[in-house]
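Enquirer: Okay, here's the structure, questions in a sec.
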Amino acid sequence: MAQENSSRVTEFILLGLSDTQELTILFFTLFLLAYAMVLLGNLLIIVTVRTDPKLSSPMYFLLCNLSFIDICYTSVTTPRVLVTLLSGHKAIAFEGCMAQLFFLHFVGSSEMFLLTVMAFDRYTAICRPLHYTAIMARGACWALVAACWAGAFIHSTVQTVLMLQLPFCGPNTIHSYFCDVLPIIRLACADTALTEWLMASNSGLISLGCFLVLVASYTLILAKVRARVSQGNWKALSTCASHMMAVTLLFMPCIFTYLRPAGTLPTNKYVCVIYTIFSPMMNPLIYTLRSSEVK
């Protein structure tokens, strides 16, 4: 255990997913393939949207931003995991751990906010088509994206400040493959009950609130198109269904992880793989497979 003056932890040890050599090789291969798919898929979307003048609608503008966020989001944790699996070096400096926590919540919450904006965009396009151009003008789209990043910055700053105020004097072993709120807060040498509730209210309620807004928007879309059965409406319905599958992959594990104090249930690090690796990998497929323009 690394300490400073026998009272301050200067580094943490990330235990990772497994100590078994065979599983380590398997996890390295899976993480590497998933990371490559995230980079290639999302970069392809960004290049396609930016270079094709026909893809200038608000939907593709938001999709391009989602692809950028997915690249940033998975890059916060995956490269570090790959290096750890390859080298076996599991130590991470205290400052590096706090930085990873900050950027994880910064980019992750911005994705939640952006997915909510994308649901509003689909609701406006389907339920209020005559007002769509006026409501989702380019200036409004930029303002909504900026609001997503600003809200995410505030959320992540609050999380990090609450964490930095806690004393860490040992142990320094994190039962996960990345630095996050719940596994770290258990290592604090103080009563963390109030901090746990504040963090659960912050991350958990944001996840739950955004998810409920998404469900409400897609429910309104479903109610709108149900009475008008046509090919276009069926396409809109199937598109909404695929989008709901994407947001469920992200939001349900986050709600399960963050909407509770740290001591109530153990953190399942395999559940974390869903929203840190699997969800960013699936987003390019789910959001573009039904788009004939992108294909």
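Cβ from N, Cα, C; glycine included.
All TrEMBL annotations are machine predictions without curation.
The domain 'G-protein coupled receptors family 1 profile' annotation in TrEMBL covers 41-287. Annotated transmembrane segment per TrEMBL: 25-47, 59-78, 98-120, 132-154, 204-225, 237-258, 270-289, in sequence order.
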Enquirer: Hey, would you say the transmembrane segment (237-258) packs against the transmembrane segment (25-47), going by three or more CB pairs under 8 A that are 6+ residues apart?
Expert: no
Enquirer: Given a Cβ distance threshold of under 8 angstroms, which distant residues of the chain, six or more beyond its ends, lie next to the transmembrane segment (132-154)?
Expert: 58, 61-62, 65, 105-110, 113-114, 117, 121, 124-125
Enquirer: Would you mind giving the whole-number mean pLDDT across the domain 'G-protein coupled receptors family 1 profile' (41-287)?
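Expert: Averaging the confidence scores along the domain 'G-protein coupled receptors family 1 profile' (41-287) gives 84.
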